[in-house]
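Asker: Quick one: the structure is below, and I'll ask about it shortly.
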Amino acid sequence: MAAFSKYLTARNSSLAGAAFLLLCLLHKRRRALGLHGKKSGKPPLQNNEKEGKKERAVVDKVFFSRLIQILKIMVPRTFCKETGYLVLIAVMLVSRTYCDVWMIQNGTLIESGIIGRSRKDFKRYLLNFIAAMPLISLVNNFLKYGLNELKLCFRVRLTKYLYEEYLQAFTYYKMGNLDNRIANPDQLLTQDVEKFCNSVVDLYSNLSKPFLDIVLYIFKLTSAIGAQGPASMMAYLVVSGLFLTRLRRPIGKMTITEQKYEGEYRYVNSRLITNSEEIAFYNGNKREKQTVHSVFRKLVEHLHNFILFRFSMGFIDSIIAKYLATVVGYLVVSRPFLDLSHPRHLKSTHSELLEDYYQSGRMLLRMSQALGRIVLAGREMTRLAGFTARITELMQVLKDLNHGKYERTMVSQQEKGIEGVQVIPLIPGAGEIIIADNIIKFDHVPLATPNGDVLIRDLNFEVRSGANVLICGPNGCGKSSLFRVLGELWPLFGGRLTKPERGKLFYVPQRPYMTLGTLRDQVIYPDGREDQKRKGISDLVLKEYLDNVQLGHILEREGGWDSVQDWMDVLSGGEKQRMAMARLFYHKPQFAILDECTSAVSVDVEGYIYSHCRKVGITLFTVSHRKSLWKHHEYYLHMDGRGNYEFKQITEDTVEFGS
């Protein structure tokens, strides 16, 4: 106690009091953040994630289990490119550690030559240092090269895996429309994946190098000052590490919240760009500015809280991991020198004592710095836990969706039931899909949205190839819902649906999608050039398809089939609709769904398109309000929007409705 009493000065007592006060404030701040999260009743924009199912973001067994699961994706085999970079980094870390030890020893000898006024020793050891500079520089830059390449390799592996799952079948559609566990998947697939990979590689480097340093310096210091010094430092590492890890636990949760708010902010900006024309017509810039500022304000408020928390943690980290570690180092290294009876220094000269102390002190300083880096790496590990939780949640949701499982808040159907009407419980996927050519048949199929809104309780009708059907009714009656069930985008809640396989059913929307690529790609989408060749369809045939929809002139206007443009902007509304019809002729499906897809096309061109579809054997389901189209159909399906429908054959006595 007497040895430490000299440190209990007024100044040190004040510092200790300030540290204690900061710890109290930090604890209070953490409690306030927790209470704010529980009491806040304002639902964030696009916050579809289920409360009560929040992913944990702490460093525990669950975190390591998740991390190992993702690492198996990024390092798929024992012998692969990623393993090679891991080995390269390990070798460079060992080499760098030996370079550090050599530089300490050589630097001590240089300074010893200066103090001893030996021009010969000074010149020799200085030339050794100059000769070693290229090798040391090469080691450092090989290490940086390996780290950067490993980050890129990890990102490529993980991105490819996630996109394989995300773009499998209709998973990308189901995630946004049938499942509400993931908000803003674009944020997860881009920024979060990159940050996760960078964090993993940085952690590998920031942990491996300090551990190597500690092992080597313990070996060197044990022979110089005994085993008690390194043992004291290791004990300090364990105690301080556990203490700081406990304090850092909120970082993981705050990282998840930060990324979620960043995703919401990106979403409102992309939404503004996508719908800029409509917003401009409505003069909605003030309202949109309020929305953007509201979301940005929420992000900024969280970032302020995060910065304050990191400031508090940084203050404590610096004291415990850096300065107190240095104090412990001084206490440890000074013991054999201040003990006048220590056998190692009984006969040492002043120059030898100085050289021995300087070398031991530098090694111990490096060792304490290595211990400090390991303690501080806990902060990066806690942040990594946040990214790991988000990536793992995305992987689990993708896996569920690809196995036909999804979670969405279902509206209670007992609340929707009408008195006296039996409410039949709806179970997603309870229906049966039968694949058959040249027929579409709904047999006691309930038409319902994914969240349980029943549009038609019991739908029954049958259509065979060659019999076109006109579908009509008010907005919200279920026309688009019918097509989504038919295209297997929405689950079948019951009954039997007989239909051709997906490739024999084609959908043409009112606003056709124009892909990135050449003019040829617009006609053959989603096929590629190789698919076109395999089908034996030449460019001359494609030209005929364009001529059929009166778009033949566009080939010369835009510079040929291989011309690359932003086709969403280059083509007018009518040209895009006619391009979609040319795409329909190319694919020649058994059935096609035309959803107001000729609204911007003249009546004569529209009539020719329908006649050509009948000629090539494409049976049509048409949503339109044009009376001129009734003559091209054999049946009509009318929905009244109140759960009733009428499916009848069109005859001379049928009253046409529309405009």
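Each Cβ is built from the backbone N, Cα and C atoms, and glycine gets one as well.
These came from Swiss-Prot, pasted as-is:
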type	residues	note
REGION	1-61	region 'Interaction with PEX19'
CARBOHYD	Asn12	N-linked glycosylation site
MOD_RES	Lys61	N6-acetyllysine
TRANSMEM	84-104	transmembrane segment
DOMAIN	85-372	domain 'ABC transmembrane type-1'
CARBOHYD	Asn106	N-linked glycosylation site
TRANSMEM	126-146	transmembrane segment
CARBOHYD	Asn206	N-linked glycosylation site
TRANSMEM	224-244	transmembrane segment
MOD_RES	Lys260	N6-acetyllysine
TRANSMEM	313-333	transmembrane segment
MOD_RES	Lys399	N6-acetyllysine
DOMAIN	440-659	domain 'ABC transporter'
BINDING	Gly473, Pro474, Asn475, Gly476, Cys477, Gly478, Lys479, Ser480	ATP binding site
MOD_RES	Lys533	N6-acetyllysine
MOD_RES	Ser659	phosphoserine
Asker: Going by Cα-Cα distance, which of the recorded positions (Lys61, Asn106, Lys260, Lys399) sits nearest to Gly473 (ATP binding site)?
Answerer: Lys399
Asker: Under an 8 Å Cβ to Cβ limit, what residues of the same chain, 6 or more beyond the ends of the transmembrane segment (84-104), are close to it?
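Answerer: That would be 75, 129, 132, 135-136, 139-140, 142-143, 146-147, 149-150, 153, 204-205, 208-209, 212-213, 216-217, 220, 359, 362-363, 366.
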Asker: Counting only residues 6+ away in sequence within the same chain, which have a CB under 8 Å from the CB of Asn475 (ATP binding site)?
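Answerer: Gly641 - these are the non-local Cβ neighbours of Asn475 (ATP binding site), listed in sequence order.
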Asker: Roughly how many Å separate the Cα of Lys479 (ATP binding site) from that of Lys399 (N6-acetyllysine), to the nearest whole number?
Answerer: 30
Asker: Can you list the residues of the same chain, besides Gly473, Pro474, Asn475, Gly476, Cys477, Gly478, Lys479, Ser480, whose Cβ falls within 8 Å of the ATP site's Cβ centroid?
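Answerer: After dropping the recorded site residues, what remains is Leu455, Ser481, Met639, Gly641.
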Asker: Give me the Cα-Cα distance between Asn206 (N-linked glycosylation site) and Gly478 (ATP binding site), rounded to a whole Å.
Answerer: 58
Asker: Find the shortest Cα-Cα separation between Ser480 (ATP binding site) and the recorded positions Asn106, Lys260, Lys533, and name the residue that gives it.
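Answerer: Nearest listed residue in space: Lys260.
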Asker: Just to be sure I understand the packing, how many Cβ atoms besides its own are within 10 Å of the Cβ of Lys260 (N6-acetyllysine)?
Answerer: 21
Asker: Among Lys61, Asn106, Gly476, Cys477, Lys533, these being the recorded positions, pick the one whose CA is nearest to that of Lys399 (N6-acetyllysine).
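Answerer: Sorting the recorded positions by distance from Lys399 (N6-acetyllysine), the top entry is Lys61.
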Asker: From the Cα of Gly478 (ATP binding site) across to the Cα of Lys533 (N6-acetyllysine), what is the distance in angstrom?
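Answerer: If we compare the Cα positions of Lys533 (N6-acetyllysine) and Gly478 (ATP binding site), the gap is 39 Å.
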Asker: Rounded to the nearest Å, what's the C-alpha distance separating Pro474 (ATP binding site) and Lys61 (N6-acetyllysine)? Just drop the number here, would you?
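Answerer: Roughly 55 Å, rounded to the nearest whole number.
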Asker: Nearest of the recorded positions to Asn106 (N-linked glycosylation site) by CA-CA distance, picking from Lys260, Gly476, Gly478?
Answerer: Lys260
Asker: What is the total of other Cβ atoms whose distance to the Cβ of Lys479 (ATP binding site) is within 10 Å?
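Answerer: That number is 21.
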